[in-house]
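Engineer: Mind looking over this structure? Questions follow.
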């Protein structure tokens, strides 16, 4: 048989599928963390491929902050229906009770809703393996994280004490209470993700495409006024709303996710803009810069995904 | 500083015709490579430059890099590319790369994944990890220093892990005035060494990671060099998979896909060869054959699939096949064996314990395995073979590996997928070692079991009893010997043929050469297990009273005996109680530090998870416990006549 070499996307896809099947074969209670972003979208698509014709044999878990874009909630619910998977939504009750929000609480917002919320959700359901859509090209400390990343019973990550990961042999063994985070798309770059979405028609949140949207400026960055009434309530004033053609490079909480002015309305145009841009992907997010150069590494040791 | 090369000059195409660009990107292949060298060789600088020149650095990162360079950089006011790739905070402070980091960049033709590994000897395990997935290795040499001990070590490790494409990058050529003589001298030196360890071919390039010479484009500074730039070479090297494709079909089964009663598929990553519907396959180790009917994917069935693809196969027959089995071309199946000669790399702080059972994972098979004392360890700097009793962290050695059931395998030289394995500690679950199967040992086939006319059945029948091992385990002073004694007396009174193997007594003779280190404790239990087994062959009911603190070794003895003949009796006495009794005064000695490795004090006791019998000595008297054990044992026995 004369067959062409596999392309890089075919190899990345096979690697991710192999990883997901290993987890399902070896873990007792796996779950897929689903943030509704483009990386999550690709990860979900890969899961559907890995187990077809079965639906992926694990639920989706959305650790919600209540501050996501409306369009994200819509796609989330649609994808859960289409994939035939259970959707679990978790909101940290303490953060809810204390009204933690991105304006008044800064870093605490991420810590309470996301870091604490994730730990609580994993403990509540007893999941021992959680798929995450992190990529090694996103951030320096991620570049060194294993694909199967071990967490202590208190969800800590010890970067100096990671299990060696050779060939495609993954060690999923752990003691009671301990868990693993699994990153099936570790070796994908942002361009790979976009290309894959393009080739496979993977559904993504429309906010990735440019459109005229209501915006406001805050702390020197451009944001979308996704829920003006709520914004006004928290800020204590109504920010000046201006219609602009914008899109998002990453999606998180709407008051924390900076928009970029753009006219890229199709996938090829988005990819084009991404490739020609000179600002790195996570820059729109406030989170990485909190603790100086080592921001993400510190967050991860504390249990952030 | 040179400008980014035309190789990366994609901006124009992206801007003018994004669809054409995407079309190109879609057909790229992927090459994974490892860079070997120490900080001083300019490894991080080279990688930083590859990322920088391929525009994998964005403006904000560049701004951070510039300010960091001034703060902690080692290049004065110039950009210190190394800071781009030294990720973890601890490493940045120490100025060394501790762990394996993976980096990505693209050219017009390929996507590259770079495993960036530390070079020092204490990080051998990290380099082995990085090399395990690499198609190619870039060995960096500082042109001023030439071939060093570390060059030899890195080359040996890459060769050991089966990397066939070796690139010798003679770096810092700018610091030796781009001297051809110096370059030729280093290449000749390296060539002699490479040949001596079996490296058949390598490609040498004169470069400067700092100045950019011959990295992305030929340099005007080395007119005497006519070969390709580093990037051009990396783009042209054949990707892995060509070898895998040519070999017979093998697919380790990962997962059985059973959404409903009408569908049963076998999911896995194809390790080698190709497959199409109609092909006849054999499932190993059972050896049953069947025909492939479908190759199922979400996008529809495939006409064929090849090595490297993750697929789901349907077979024509309802044959037994589950995770760990290997589906192979029927005419050329791999073998199965349970004893191997293997090269091991030790990766844990705690040294290898020969004789201890570890989990061994190879492909999708996980079995219990023991490693015998190494035949030798390799001095990774001189390649000398040295005698050793164990493998310490970062040691590389050759040893025999024995598994508790047959593994479907291929020698590592033929197949990374069916020849590479990891060892996992059964208690901590850490990955403690990695290994490569060299060949299987025919010993098992050559040492034939002497068939005896008077069988174990015959021995047992004459004694009118079912042989068994009553394995008493518990802390020192828990009451094991006391209760075992009582049980034996009762059994004896009932006319049963018994023998009690006592821990202290055995150490006076059979095991008097053994001490109390973990390794010796394991050997102690192994010997006792074998003796107990021989005694059951003779038809006896054997009672053993040993602390036997490790679960792995108790399970090992359990595995020696036929199902049901190993009865674990856990004498469960709290440490405080055992210590209070302290009949032999041992706890006192241990507490005062006179006695080392004492179970419960400075050596662990692993409680049985599911013992057949548990005796809680705080609630039950020795007499009652003995009575219960005898009842349980006699009650379960049917006379064999």
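Backbone N, Cα and C define each Cβ position, glycine as well.
Curation does not apply to TrEMBL; its annotations are automatic.
Okay, so TrEMBL annotates it like this:
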- B:548: active site, phosphoserine intermediate (ACT_SITE)
- B:37-44, B:116-120, B:171-174: GTP binding site (BINDING)
- B:474, B:475, B:476, B:477, B:478, B:479, B:480, B:481: ATP binding site (BINDING)
- B:28-242: domain 'Tr-type G' (DOMAIN)
Engineer: Using C-alpha atoms only, work out the spacing between residue B:477 (ATP binding site) and residue B:40 (GTP binding site) and round it to an integer in Å.
Structural biologist: 58
Engineer: Where does residue B:117 (GTP binding site) sit in the DSSP three-state scheme?
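Structural biologist: Residue B:117 (GTP binding site) sits in coil per DSSP, no helix or strand.
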Engineer: Whole-number Å distance between the CA of residue B:479 (ATP binding site) and the CA of residue B:40 (GTP binding site)?
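Structural biologist: Cα to Cα, residue B:479 (ATP binding site) and residue B:40 (GTP binding site) are separated by 62 Å.
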Engineer: For residue B:37 (GTP binding site), which of the three DSSP-derived states applies: helix, strand, or coil?
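Structural biologist: Where residue B:37 (GTP binding site) sits, the three-state DSSP reduction gives coil.
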Engineer: To the nearest whole angstrom, what is the C-alpha distance linking residue B:173 (GTP binding site) and residue B:548 (active site, phosphoserine intermediate)?
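Structural biologist: Counting only the Cα atoms, the answer is 62 Å.
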Engineer: Can you tell me which of the recorded positions B:40, B:43, B:548 is spatially closest to residue B:476 (ATP binding site)? Compare CA atoms only.
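Structural biologist: Of the recorded positions B:40, B:43, B:548, B:548 has its Cα closest to that of residue B:476 (ATP binding site).
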Engineer: When DSSP is mapped onto helix/strand/coil, what comes out for residue B:548 (active site, phosphoserine intermediate)?
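Structural biologist: The three-state answer is coil.
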Engineer: Relative to the Cα of residue B:40 (GTP binding site), which of the recorded positions B:475, B:478, B:481, B:548 has the closest Cα?
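Structural biologist: Closest recorded candidate to residue B:40 (GTP binding site) by Cα: B:548.
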Engineer: Count the other Cβ atoms sitting within 10 Å of the Cβ of residue B:173 (GTP binding site), across every protein chain shown.
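Structural biologist: Residue B:173 (GTP binding site) is surrounded by 28 other Cβ atoms within 10 Å.
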Engineer: Using Cα coordinates, what distance in whole Å links residue B:43 (GTP binding site) and residue B:474 (ATP binding site)?
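Structural biologist: Residue B:474 (ATP binding site) has its Cα 54 Å from the Cα of residue B:43 (GTP binding site).
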Engineer: Please identify, among the recorded positions B:37, B:120, B:548, the one with the smallest Cα-Cα distance to residue B:474 (ATP binding site).
Structural biologist: B:548
Engineer: Taking each of the recorded positions B:476, B:478, B:481, B:548 in turn and counting other Cβ atoms within 10 Å of its Cβ, which one has the fewest?
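Structural biologist: Output over recorded positions B:476, B:478, B:481, B:548: least Cβ neighbours within 10 Å is B:481.
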Engineer: Expressed to the nearest Å, what is the distance separating residue B:120 (GTP binding site) and residue B:480 (ATP binding site) at their Cα atoms?
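Structural biologist: Roughly 50 Å, rounded to the nearest whole number.
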Engineer: Over the domain 'Tr-type G' (B:28-242), what is the model's average pLDDT?
Structural biologist: 83
